[in-house]
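Undergrad: Feature table excerpt (Swiss-Prot):
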DOMAIN    11-179  domain 'Era-type G'
BINDING   19-26, 66-70, 128-131  GTP binding site
REGION    19-26  region 'G1'
REGION    45-49  region 'G2'
REGION    66-69  region 'G3'
REGION    128-131  region 'G4'
DOMAIN    210-287  domain 'KH type-2'
Amino acid sequence: MRMIEQAPKTYCGFIAIVGRPNVGKSTLLNKILGQKISITSRKAQTTRHRIVGIQTEEQYQAIYVDTPGLHIEEKRAINRLMNRAASSAIGDVDLIIFVVEGTKWTDDDEMVLNKLRTAKAPVVLAINKVDNIKEKDELLPHITALSQKFDFAEILPISAQRGKNVHILQKIVRKSLREGVHHFPEEYVTDRSQRFMASEIIREKLMRFTGEELPYSVTVEIEQFKLNERGTYEINGLILVEREGQKKMVIGAKGQKIKTIGIEARADMERLFDNKVHLELWVKVKAGWADDERALRSLGYMDE
């Protein structure tokens with residue numbers, strides 16, 4: 001009698017990465033995935049979309065939701081939408097990774113924690129940037145104090161930048177996955193389109209090369225993304241700002257700043273897409289776009 005070979009069990013689950021702005025959530029996701037999916041910058045509020053990162057190892061598939069940083073300020077339409085996206089991300093997941101920064105604890109951290117009190121999924125507290133803590137003896141009392149604030153499933157000091165204890169965090173994630181079929185093919189690392197990733201790369205370079213000069217009233221719209229007959233991606237990016245002065249900041253003296261942004265963005269795109277890229281960038285003033293929900297919808301900041 002011929003024996004029927006049973007397929008090995010597979011496991012899959014959704015993990016939300018939450019925290020106030022600029023604590024290293026995007027850096028952590030990129031470190032876990034081994035490549036850049038979510039954009040990073042020294043500035044807060046760099047992540048605006050719920051980017052999904054996918055890690056498949058043998059029978060395990062972890063699907064990561066990288067949220068915008070939850071924050072208190074909600075005066076602008078874009079901030080309200082970012083808070084809404086982050087809050088909805090924690091509603092239906094198998095595990096929540098709450099990222100905080102070293103021994104700092106702010107009102108925004110407290111606000112995020114209060115939102116997590118209604119979450120059904122277990123919460124792992126990841127204390128990031130521990131390599132930057134000057135007084136190392138402050139860490140243990142800080143962990144003790146935080147453990148009294150909430151019933152965390154685990155508390156783990158990490159350094160997303162250096163990779164410290166990230167492998168332990170991944171083991172915790174693996175234990176949280178449920179038995180079930182994988183949602184994505186194993187070669188997928190994100191569900192976002194190349195067009196979307198191109199806009200994110202340009203936006204990262206904007207954040208990186210404008211320093212503290214440019215506020216967050218800047219976005220990128222990809223007007224053309226096509227593969228030409230020579231096998232090169234032709235990408236046209238439109239950078240939207242709110243004021244004429246911001247346009248001058250992006251362009252820079254004799255166009256040098258936008259040239260640098262374009263060179264760096266093209267290099268990242270060619271690495272990510274494994275293909276030659278011809279990139280052209282323009283800057284346009286569109287006053288009030290960050291306060292206009294219709295404009296935000298057309299730019300992909302909210303679902304139709």
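Each residue, glycine too, has its Cβ placed from N, Cα and C.
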Undergrad: By a simple count of other Cβ atoms within 10 Å, which of N22, K25, the binding-site residues in the record, is least packed?
TA: N22
Undergrad: If you skip the near sequence neighbours and keep only those at least six away, which residues in the chain come within under 8 angstroms of V130 (GTP binding site), Cβ to Cβ?
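TA: Expected: G102, L139, P157, I158, S159, K164.
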Undergrad: Mind giving me a neighbour count for G19 (GTP binding site)? Other Cβ atoms within 10 Å of its Cβ, every protein chain shown.
TA: 25
Undergrad: Please list, for the region 'G1' (19-26), how many residues fall into helix, strand and coil according to DSSP.
TA: 2 helix, 0 strand, 6 coil
Undergrad: Give the mean pLDDT for the domain 'KH type-2' (210-287) on the 0 to 100 scale.
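TA: Overall, the domain 'KH type-2' (210-287) comes to a mean pLDDT of 87.
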